[in-house]
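Student: Below is the structure I would like to discuss, written out as structure tokens.
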Amino acid sequence: MGFRTVFVKNGETLRVKLDNLEISKNREYFVIPLSDIESVILEGEQTSISSRILAKFAQYHIELIVCDSKYLPAGVFLGLGQYHRSAKRAIWQSNWTEEQKQALWTVIILRKINNQIAFSEIANVDEERLETMKELRKNLKFGDESNREGHVAKVYFNSHFGLGFTREDDSLPNACMDYGYAIVRAQMARCVVAQGLLPMLGVFHRNEYNSFNLVDDLMEPFRPLMDYYIHREILTKEDKYLTYDSRIQLIDFLNQKIKIKNKKIYINQCMIDYVISFIKAMEKNDPAYLLDIDLINFVECEGK
């Protein structure tokens, strides 16, 4: 499996040369072995890509992310047949019970809320608001039937960005979160497909028009990690919009380290291990097998 994320800007030309990806612009050439590449991000409306390159990406299990005119990731290309027993796994996945799914969802949401509270404490959010989030967490029920997640999210975002803030605002924090979450979502989709899971069959999300319901379920605990990373790396600057350098920095989130079971690993590897642990939790019918994605373990690896 590759380890490089390749960012292709507007007007650059791509072609496959032997088993390498060649990128050229203004008579400058960059050659990268396909076996080294984990994902490619295309930005700009003047960059074209051939079916031969797409076939090679599929062969090497390279994820392709295409951005729109606002530089936001808009589409993902993933090769088929990355898992050797995909049919068997698909049948197994379709037989998950509601009780199994709700049990996993309860743990996923609890850990997301834990991370939101941890980041809020780091950011010195008002004590009264922290207590409100903690009280909501205490009232979390099986399957989050009372939507504590949604209530915590409202307090959380208003605490960090002001009472009038909504996720639909045209603001730098929202631009960062939209871009950052899309990067996490694309990487999670890659991990899910690589393990033979059907990304459209989730444990909570079940929108018939969403091809990534399971991906959206599993990425939830990673969102506050991205929020903290945005706060640390971008919002402390004086930029008024999402710059090219900031977009590169958000992509680099996947190359940050986190401590898992007393071992420091990169976020992209952590996500693979996380999906594998999710499968084990479903197989054993025990949510305790799901890796705990803990913000504090991410913060402690900062700069190391």
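Here the Cβ of each residue, glycine as well, is placed from N, Cα and C on the backbone.
All annotation found in TrEMBL is predicted automatically rather than curated by experts.
Fair warning: this is a prediction, and the values are worked out from it, not measured in the lab.
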Student: Given that TrEMBL annotates H205, E220 as Mn(2+)-binding, name the residue from E149, E168, E238 that shares the site.
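Tutor: Between E149, E168, E238, TrEMBL records just one in the Mn(2+) site with H205, E220, namely E149.
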Student: So how many other Cβ atoms are close to E149 (Mn(2+) binding site), meaning within 10 Å of its Cβ?
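Tutor: Around E149 (Mn(2+) binding site), other Cβ atoms within 10 Å: 20.
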Student: Among the binding-site residues listed here, H205, E220, whose Cβ has the fewest other Cβ atoms inside 10 Å?
Tutor: H205
Student: Should E220 (Mn(2+) binding site) be counted as helix, strand, or coil on the basis of DSSP?
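Tutor: The three-state answer is helix.
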